[in-house]
Amino acid sequence: MTLPFAMTAPFRIAPLSVIEHATRLVFAQVVQQHPDLFDRLGEHADKRYAFVPTDLPVGFLVEPSARRISVHRKPHLPVAQACMGGKLVLLLALLEGQIDGDAVFFSRSLTITGDMEAMLALRNALDDCNIDLPADIARMSGPFAPLVRRAAAEIRTRALSREAATWN
Amino acid sequence: MELICPAGTPAAFREAVDAGADAVYCGFRDETNARNFPGLNFSRDELKTAIAYARQRKVMTFVAINTFMRAGQEKLWHDAVDDAVRLGADALILADFGLMAYTAERHPEQRLHVSVQASASNADAVKFLVETFGAKRVVLPRILTIPDIARLARQISCEIEVFVFGGLCVMAEGRCSLSSYATGKSPNMHGVCSPASHVRYREDGSELVSELGDYTINRFPAGEAAGYPTLCKGRFDIAEERGYAFEDPVSLDVMDHIDALRDAGVGALKIEGRQRGKAYVAEVVSIMRRAVAANADERPALLSRLRRLSEGQKTTSGAYEKRWR
């Protein structure tokens, strides 16, 4: 299962600067809503984390201590201490703690390379934060917030139910 | 029977409570508990909030302080006990006899449970802990058959808790030195088995290779479910065969035997998995809650959903249904 084409198409056709700007807006919103997000990282907050969706032409680099995210076209991904790869829908589900990272890893739907300790710390920090992307994105949508939240939540539900079926 | 559920984070704790746990067990964010993984566990303030959340819903909180004290650094463990008592833990899960003695002397009213890490597996050992430290419950090592448990139950006066689902260790709980041999750190002394700092996964062609320290643990061909990078689950060349020397990468699942365990004298069923995410905790606890209440013939359909969450995506009844002797 992948996310609807309408959601992934911008990553394929839009200029990188536009993708990065939009990504940074969402990231800032998540950090604002969850100020304790990176507290559990401890010494690992200074490391660089790469998230590489296998179904998109771009990858994301997160630097927790700087509260910064950047977007890079494949294969020109910068060096990171820890890297996680998988379908975008899985990476987003892990971000929200909607699925169990170990179970997905056992199923080989997810790859983790580099500093395992750092990635484990980040996984646990994210898992504790109750991030709700539809709600966070909706907060940026002004009067359309209820509509955006409903639509995003519906997409998430459908994507995850189909994805879960593939690792059964 | 009580359902004792794991929580590695406050979010997982709330999920366990809401999903139907009778008690949730957790630990402090340091070496005093056997799941001392990065980003996991509770600060004192988080535990205080969690205990209040559970108590409002009539759920108990057990605090695992189940590693072994190091000489000269006992204060870390003593402080953990003092703080867990002060914060209102319903029971402390302890493995170190010295720490049990400290707890019994300083906090005689505190309920004390014997951790699986204490490896108390016979009547003499359990009786000693009950009589000497006032232990109210023993968590049995996963080395006994159900008839063994029934025989033991007739000889001891404390409650019995057993693991029924989740990760499975080799049959030397509290005494396993495999992780220490490979990395210098062990679950018994540092709270970490196969610490993530020593783990590496890499792709080699179509194979996924897991490494721990200087050791290759396993090579998983394409399509084969992966497992934890622990030596006990390693696949090695032995003589002319390649195979699992200690145990297969599978998880424990003895929920098919709930009725037999109850008849044997077991009063509490424990789910392993403080290192797992809140999604795992919510799903496993919810299914187990329904399974405990269900008739025997209804359980298989409920429990079949759990296998995909397991290590290696396979489960075993382990020693509870020992067939190799």
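Backbone N, Cα and C define each Cβ position, glycine as well.
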Going by the [4Fe-4S] cluster site in TrEMBL, where B:Cys169, B:Cys176, B:Cys193 are listed, which of the candidates B:Cys158, B:Cys232 is also part of it? B:Cys232
If you draw a 10 Å sphere on the Cβ of B:Cys193 ([4Fe-4S] cluster binding site), how many other Cβ atoms land inside? 26
Enter the number of other CB atoms within 10 angstroms of the CB of B:Cys176 ([4Fe-4S] cluster binding site). 22
